[in-house]
């Protein structure tokens, strides 16, 4: 074998090894651009270990992070969306539903569960942004109301993680009706004196921000989450003025009094447990180790 053939053979081996690396092993941070090992990022609860950027997280991952292992019982899992209006834009609505269900593994954009948080019974709900932008439609409203009813039945708090672009246009008036429906359900919790904690994540916009997301007894936000009704570009085009830096971000809103506290994801679980123990007049629960307790954080980074 000549020296040229030996070099060519080595090159072919290298190319074969590169091609054998499975997809999805590495990902890039949306903020700093750092290439991250996917498994490490999942252990860090989708928080970049380099710049602390909070990436978007699936609904089930959030609920798994919050609730005690083995305590989760899903609510309203039998509810599925229907194309009652036979709506069509560039695609049929039923085709969009099928594609979203295939991509996410969820039937719709909200997952609700009951369980315990460090031994305290709670009900929790979380939006799935990957399902049609977390848009609120009939099934989302029905599942949220189911979660409220379960909290009323169990006489326990409700926690909701919002991540949504707003009402789902394909369901027209029926999606807008969910704003009133969910707000009316939360009024029953207020009458009973049961705590409702709203956690606003990136992004929380439109009809969701104008209803259930901002009705918490305590409104918590993750760092740098986009929160508002209309998007910044729409507002700039309407008022024809440049918006201030950080407009509609968590840090801007807390300065204006629109939210109560900003909490980093690694300490979200313990913070919620502490708040709920005070609101329900229960003893401070003992700390139960979870994924959130072992997350790496950048140097000089405050927890809350």
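Placed from the backbone N, Cα and C atoms, the Cβ positions cover glycine too.
For the ranges 29-51, 52-74, the feature annotated in Swiss-Prot as zinc finger maps to 29-51. According to DSSP, residue 51 (Zn(2+) binding site) sits in a coil region rather than a helix or strand.
Sequence-distant contacts (6 or more apart, same chain, Cβ under 8 Å) of residue 29 (Zn(2+) binding site) comprise 35, 36, 48, 50, 51, 53, 55. The binding-site residues under consideration are 32, 48. Their Cβ neighbour counts within 10 Å are lowest for 32.
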